[in-house]
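According to TrEMBL, the protein carries these features:
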TRANSMEM  29-55  transmembrane segment
TRANSMEM  61-81  transmembrane segment
TRANSMEM  118-140  transmembrane segment
TRANSMEM  147-169  transmembrane segment
TRANSMEM  175-192  transmembrane segment
TRANSMEM  204-223  transmembrane segment
TRANSMEM  250-267  transmembrane segment
Amino acid sequence: MNSSGVGPVGPAPLLRPVRPGFWGQLWRFALIQVQCCVFPIALVAGLALTIGVWSVWDPPVARYDVVFGYALVVQLVLVAMRVETGRELAVICCFHLLGLGLEIFKTHMGSWGYPDPGLLRIAGVPAFSGFMYASVGSYICQAFRRFALRVSHYPAAAMVVLAGCSYANFFTHHWLPDLRVILALAFVAVLWRSRVWFRVGLRWYWMPLWAAFVLIGAALWVAENLATLLGAWRYPDQASGWHLVHVGKWGSWALLVSLSFALVAAVKQWEGQLEPDGNWPTAD
């Protein structure tokens, strides 16, 4: 991660308040990240609360159904409180449906499963599962707003193609060669000049866009371990007891993040809020 006194929307002002030091900026960055993660954190909290209740009591309603109702309420509250806009909700719903389609296929192929009962299922998949993907889209939407994200040298067309190929590969690798490594290398090559700029307080920072996907993928791998620990779903090798999800899933999440980012970026580009305006940053 690099910093610059010059933002992507023009030179920094000559007179400005004293900036906090490294630890102050890191703390502020962490607080903003927590705000961006409000939907994912709420989902994990709901999973933790319900598994705690169901471990000591046997309610007349299935846990998965309660989690669905809870996730739906959280989504509606975020919209009602204007934490998410109507356009952002449309993008989130799109990723929700794409994720649900992936869930239906993967569970049918035996890649993972949902061991608990529940009435609210779509083709055998608990209805709440789509919200897990929606929460990823929500995070990216929040990050664009709260960090004032801008992306320089963004190859929109190539990004859409690679993101679409990455999504398709989750299906086709069951019959055709797995192209994850090739796709990952293609992302690095295509995004080599792309920088994602973000603002913390008065200061702008940047990192390579492909590196942002890797970091978000790592965070999602950690979240996946929490979710499986809390019984949201289960991989075949976890049938005899929980253990860490294979680290290879990190790469899978990084590729899937690219699809969510491409959807949000398309909206931001249409709104004219994707690439920086004015003078480009000159300091690395």
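In case you wondered, yes, glycine gets a Cβ from its N, Cα and C as well.
What you are looking at is a predicted structure, and each value in this text was computed from that prediction instead of being measured.
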Quickly jot the same-chain residues contacting the transmembrane segment (147-169) by Cβ under 8 Å, restricted to those at least six beyond its ends, or write none. 8-9, 32, 36, 98, 102, 178-180, 183, 186-187, 190-191, 193-200, 206, 209, 255-256, 258-259, 261-262, 265-266, 268-269, 273-276, 280-281
Cβ under 8 Å to the transmembrane segment (250-267), counting only same-chain residues 6 or more beyond its ends: which ones? 87-88, 91, 94-95, 98, 133, 136-137, 140-141, 144, 151, 154, 156, 159-160, 162-164, 166-167, 169-170, 180, 183-184, 187, 213-214, 216-218, 220-221, 224, 274
May I ask whether the transmembrane segment (175-192) has at least three C-beta pairs under 8 Å with the transmembrane segment (29-55), counting pairs 6 or more apart in sequence? no
